[in-house]
């Protein structure tokens, strides 16, 4: 029995069938599985501009395989284009909108399965949230990574353009050089090319078995990506017939595998937020402390941007995520019994993958010679973050700094100070009231952090925030500080000049002010007025949970 029988079977469903006939159903089609294709196509961003072609390939393959595809649209927000503006407040919000849209369309139309096609950062976790909520057979198709831009023999990504702004203000390049970077950074379709958030989350989904092997590192414009979309539709139909559902795959071990791979490839801080959200929706007991536990045993073995040398297409050519997983599996750092949407175990999927990385590349290193001996996403706690915070310490020579606080109530004020060269070596920059409630929406601080790196201060200035960081960020940065300022977190009590210690070695984020003074400040603190009362941002601020629990809106704290 199919779920779609609810709208296709029986005399009383004659009106329903009448409408389905108008969109292409014939007599022979009413017993076929109805497969939703959640198409994230948009000309808003290069990440999604190629998704319509992929969705059409999947649609045709589904029909040829014996299913009845029904395509519908989802939205996207371009993180790169909205970065540094008020529009970035809508980025994390769009994750919930995408999840709600997919859930609404699939459940409203009694679909038997769904193929989600996405590109930009929030498309991936948004689709995964919907899949976990509905628990109908599902496959995710990643739109693919952009190829690197080229300038002067160097690979460029969009982060190169953000960093060039800081280089310009510090006098290291001129406006013509900045313009040259701008014109060459993004050469075509695809998601941002380093191991930034989109590529991190697609790697996580591949690891957890809800997308096909090698698919997360394919280039958007290569033919193999279109072939992958078609094959994914065939696999979805098989999953419907075999009744393989997302919650069969999204186990505690699968989340641990995803975290291990994210550490190994040097992935984005946003993976912490998104995996916590997906796990919570899937009913899996995952906490922020699990990331630290796994970090302690999984090294970084991939030399990828933003802090490394290579881009995601280089990782693909070196063997992709399966090669990374095989190394981890052989070292006992991966659960090989986890199932995939193809019905195979992860160990079976990796059986033919070489046990050592190719000798003619240095993108993927052996575990005996890692880039970093431990994972790069450290969970810091202390009186500034009693619920935890996430530090990205890749590319940092010494992840320890004690210095005076430079406090800003918004990203814009912080960026202005950096570009005016008012931030000096040794400073601890605090950007607050940018959390899930306070922002609302947890804006990403790529513009300030890139400007700091561009000015040569990446190792000598720390930036902490209750907001987020782009996957393109690196340096001594600490985000997701919880509790956030807007709900009374200690970050809201920091005053300019206070001493703050950021110590990733000791996993400490500490405001060096005595408890009596903090008690006095807390008594004088009052909850700030909401920045938005109506519209989606007002609604989001009222519903959203703490970042330490994934910042979800359908399961209040």
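Using the three backbone atoms N, Cα and C, a Cβ is placed for every residue, glycine included.
From the candidate list 192, 302, 338, the residue Swiss-Prot records in the [2Fe-2S] cluster site shared with 47, 120 is 192. 444 is the only one of 412, 434, 444 that Swiss-Prot places in the Mg(2+) site (with 79, 121, 122). Sequence-distant contacts of residue 470 (active site, proton acceptor), defined as residues of its own chain at least six apart whose C-beta falls under 8 angstroms from its C-beta, comprise 79, 83, 159, 196, 197, 268, 270, 444, 445, 446, 449. Long-range C-beta contacts of residue 192 ([2Fe-2S] cluster binding site), restricted to its own chain and to partners at least six residues apart, with a cutoff below 8 Å, comprise 47, 80, 145, 146, 157, 158, 159, 198, 199, 471, 472.
Neighbours of the Mg(2+) site: apart from 79, 121, 122, 444, residues of the same chain with C-beta atoms within 8 angstroms of the site's C-beta centroid are 77, 91, 92, 120, 197, 198, 270, 470, 471.
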